[in-house]
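Here's what TrEMBL has on this protein:
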BINDING   130, 221, 461  substrate binding site
BINDING   145, 147, 378  Mg(2+) binding site
BINDING   145, 315, 374-383, 385, 407-410, 436, 463, 469  ATP binding site
DOMAIN    206-312  domain 'Glutathione synthase substrate-binding'
């Protein structure tokens, strides 16, 4: 007989009285819209209209000690990924099987080889990372993944704690506010971009945001742009798609990344490039977009992320890091750091036939509910769970399997709350939820020197306990903030 799933105590007693619930939900929706906790609709896209982003009405409980552990660990993880990204031999070796069967990863590797052969034009890199965790049954956090490109929701998440503070006060629970940790993700991420811009010592240069053709998560992106323009008015921000970069940008004589805005006017140089697109195959419509990515990598702009940082965030690399010998390669003999990192790792298995893949496949087929199958993709909605794993594995050749990894599934404790979605029922039902914590980090440096390394904020995404995926931008989860409990 299975043990019951633990349930975390809610921050306030539920259920709410129906008239109070309907009233506070309406207030919360308006607060979200008026403070930019909003997105464009994917179903009825209109560039002139916003709707509130899905959110949880009250903050979800999260173990205080584990939250503090994740915050303290982030600078260590920043250093780890920085070291991995600057070890080309390790990246090539780790991804050698993946590139045989995964066109997207192979294209990224091809760009990396090209710029290595030519000589890296800019050795300084900026990384804005997000390490995602789920608490397990014992409340100890386990890492789901670490994101090295387009780590989103730092902007909107910064507004979730003020929104939840407002709602708790409206419900008569002002005494709970002390358990909502301060979140400065937006300023932390943007200040790191500006720090990289300052290192370039080119006061007329811009920060280039590389964006999708159609941006649904517009508020989160614009918050970054508007923060930089408000607090650092000398820093120009330019938004361009990969297609636009291919058409209008070029390299100058010293590998400056240049844009001609208006005929007869000086070109604009981008000294920092921040990718909010380029992390999935759909962002590259053909050779032009790949040429644009190569152009940026060839330039002397500081990239966020550089191509090697993008590769360091692949699932295959994260699986390799779970091996103690590999971790020591990058962390050295500091056993305390190694133990702290390994403490948050869950079981990760290679599916490469040369790396115990046959045994891993047997494990997954024997007990698929214990596992998640993950490809080398970002953006949500790509994983295969539980009962769907056998059919997915059986449909792949042994070589195709090597582009995936197998991860032990984390079974988090449940919480209870109200999920508010555009077009959702009124009043909303009380539902069981699970929450995933994301910790943001910023690191600037070159291969042999770290110039800047900080933990800069957090986010909480919450989904129905019956849902596998929880990405807000992918339409599967809801924005939230942590209520810390002992």
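Backbone N, Cα and C atoms are what each Cβ position is placed from, and that goes for glycine too.
Working note on the binding-site residues 130, 463: by count of other C-beta atoms within 10 Å of each C-beta, 130 ranks first. The binding-site residues recorded for this entry are 130, 145, 147, 221, 461, and the Cα of 145 lies nearest to that of residue 409 (ATP binding site). The Cα of residue 147 (Mg(2+) binding site) lies closest to that of 130, out of the binding-site residues 130, 221, 375, 385, 461. The shortest Cα-Cα distance between residue 385 (ATP binding site) and any of the binding-site residues 130, 145, 221, 461 is the one to 145. For the domain 'Glutathione synthase substrate-binding' (206-312), the DSSP-based tally of helix, strand and coil residues reads 42 helix, 27 strand, 38 coil. Long-range Cβ proximity for residue 145 (Mg(2+) binding site), meaning a same-chain Cβ under 8 A and a gap of 6 or more residues, is found for 131, 132, 315, 318, 374. Between the CA atoms of residue 221 (substrate binding site) and residue 463 (ATP binding site) there is a gap of 22 Å, rounded to the nearest whole number. Residues listed for substrate, 130, 221, 461, cover a largest CA to CA span of 17 Å. For the pair residue 463 (ATP binding site) and residue 130 (substrate binding site), the C-alpha distance works out to 18 angstrom.
Neighbour density for residue 409 (ATP binding site): within 10 A of its CB lie 18 other CB atoms from the protein chains shown.
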